[in-house]
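What TrEMBL records for this protein:
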| type | residues | note |
| --- | --- | --- |
| TRANSMEM | A:38-60 | transmembrane segment |
| TRANSMEM | A:89-108 | transmembrane segment |
| TRANSMEM | A:114-133 | transmembrane segment |
| TRANSMEM | A:140-158 | transmembrane segment |
| TRANSMEM | A:164-184 | transmembrane segment |
| TRANSMEM | A:191-209 | transmembrane segment |
| TRANSMEM | A:251-270 | transmembrane segment |
| TRANSMEM | A:301-324 | transmembrane segment |
| TRANSMEM | A:336-363 | transmembrane segment |
| TRANSMEM | A:375-394 | transmembrane segment |
Amino acid sequence: MTRESRKYWLTLVIGLAWFLLLLWPLLGINDDGTLSFAPAFAVWIRVAVVVSILAVIYFAKKQGWLDPVLNPAGKAAEEVRKVLAAPPLWIYILIGAALALAFPWFTSRYAQDIAISVLIYISLGLGLNVVVGLCGLLDLGYIAFYGVGAYTYALLSIHYGFPFWVALPFAATFAAIAGCFIGYPTLRMRGDYLAIVTLGFGEIIRIVLNNWMSLTNGPNGLLGIDAPAVLIPDFSDGFSLEVFFLKNLGYLYYVALGLAIFSIVGVYRLNFSRIGRAWEAIREDETAAELMGVNTFRFKLLAYAMGAVFGGLAGAFFAARMRFVSPESFTFIESALVLSMVVLGGMGSIPGIMLGALALIALPEVFREFELYRMLAFGGVMTLMMLFRPAGLIPAKRMGKRSDDED
Amino acid sequence: MDYFLQQLINGLTLGGVYALVALGYTMVYGIIQLINFAHGEIFAAGGYMGVILLSFLAANGLMETSPWLCLGISLALAMGYCAMLAMAVEKVAYKPLRNSSRLSVLLSALGMSIFLQNGLMLTQGVYDKAYPIAFTSGGFDLGSLHINYMQVIILSLTAGLLIALNTLVFKTRIGRAMRATAQDKVMAALVGINSNRVIATTFAIGAGLAAAAGIMVGLYYGSVRYDMGFVPGIKAFAAAVLGGIGNITGAMIGGLIIGMVEIFAAAYIPHGGEYKDVFAFVILILVLYFMPTGIMGENVDDTRV
């Protein structure tokens, strides 16, 4: 046993002992004045076994003992990748689109419900990706724009009877205004200060929604929002146009799909336009970008506004789908959820974010019986991802390192 | 006037608590330039340890005979516990990321915060947990002012801890090492300072102060909740920024200001109570906009911002 490996195992043992020491007071000291060891030990032993197994695998991989097994597996994976890479990209897009279009025909209500959530979060993730992934501005209050969009549609629908489609541009506009409003004072800040200020803004908007009783009905939320409607021709009595409300989940799915496709195409076009390049330049090195003639002030503000537009659209759809909004839906944890989608999938990478949304919304539904541990696992995975794969599952192709990270 | 003085005392009490939590943020930020999001959860864990230990002591009948001793024991044990918790968090989530991008570390901290909050929820339940005793019941009158014992405890304990911290940072070896590391990590390492140990110590000290604050908040309001760490955590960070991040005196002043503003806004502005959480954020944004380095000035090297 080398010195290195001894140190590795010693760290593991100390870590587990430390964990027991931290866990025991929480589970072992009872209110009735007794001490118990069984519950803490039961939890600890499970964690210890899992961690030890993982440690053995990691150690074996590091020592090269697994190469005989992993090499063929890696080669096979390489082969599969080559076969998959052979047909052009549009074939996959076509297959994906066909599957997405056919989805409601062969699935249950429950699956459609989850699919709608995934599509909403794809839009949100892509919107945040504009701010964080492309422009490099860390925004921890992104869900505020979602809230602005949702409340805009809710209020317009309830008080003025605006139909969904007419309200959409308003939701997008108000969200963009909110984006500029938040963006403007924060433009002078970078990095951590920016993160904390956007977090503060998100909280301010949530608190206002919670307390402005006359407008938002406070924590009780707003009821009676119309579902999206379409006009369909009716020939029964000559020719007239009938208003048809899309209350069925299957129809709503298509609206969500349309929204998601709009976001994907929109963000893709933005990413590969002059504006997108300017954003990436700002992300990589703001000072250099400014020296090269990029108007950083305008482009950063634009990034906030554009990101907010997608959030606002998603919010309006959310209100139309739930037909109820309350401040509960716009908490910090939602911002963290969207942010971790972007990070988990790979910042700046559109397929990555789609995968991230799928993983974070659909996977927990599969493991429903572990509902309680959902957020625990979510937090843990976020930290582990940063430790082992900070660039995300599908890293963006064009991505550099910020110059101010290097100090 | 009496009303004003009463609010002043309330503000000082709350501000003292914010100052204690803010110190943890500012010291960690001063040394490794990280917003330690998990710090709010450490504060909550401290509050919970207070409940657990005091309940245990109360159930064993120690509370009737010597309540002050019980409070002291719980405080010491909870501070030790949180110091250990913070060191574990630092070791797992921050140390391996010492050289990666700032965004990665920030997200790792965010993940840790969510993890700890839900860990508390799973082990302690989703409902409020009540403190077994209330020191709040007693009190004395000073003219027409009523001051309860809890406020005396908080104010004196805060003052005591702040003095102890000041001594530690400016008068001891480890304090000097901390200041040196905050100023220039590489240079400090060259002259033989073990920066890993300094960072771990900083986390432990900050966590101890946060734990004390958690117990005091729990005693003051009579109960704790698993998510009690988030909003006070952000406000304490606002206090740290307000005073100038990395600056210990600044964090104390910032904490007092945020506490005062919150109490006075609730007392004097119509609907202020409902919006009291907003004021801390508004102050934060205004300060960062007009004085990006805070009132007392930033105390970290300026290559960063």
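Just so you know, glycine gets a Cβ as well, placed from its N, Cα and C.
Most Cβ pairs under 8 Å to the transmembrane segment (A:164-184), among the stretches A:38-60, A:114-133, A:140-158, A:191-209, A:251-270, belong to A:140-158. Here the transmembrane segment (A:251-270) does not lie next to the transmembrane segment (A:140-158) in space: the count of CB pairs under 8 Å, restricted to residues six or more apart, is fewer than 3. Ranked by number of Cβ pairs under 8 Å to the transmembrane segment (A:301-324), the listed stretches A:114-133, A:140-158, A:191-209, A:375-394 are led by A:140-158. Most Cβ pairs under 8 Å with the transmembrane segment (A:336-363) belong to A:114-133, among the candidate stretches A:38-60, A:114-133, A:140-158, A:191-209, A:375-394. At the 8 Å Cβ threshold, with sequence separation of at least 6, the transmembrane segment (A:140-158) comes into contact with the transmembrane segment (A:191-209) through 3 or more pairs.
Within the chain carrying the transmembrane segment (A:191-209), a Cβ under 8 angstroms from the stretch's Cβ atoms is held by residues 137-144, 147-148, 151, 178, 182, 185, 216, 327, 330-332, 335, 404, all 6 or more beyond its ends.
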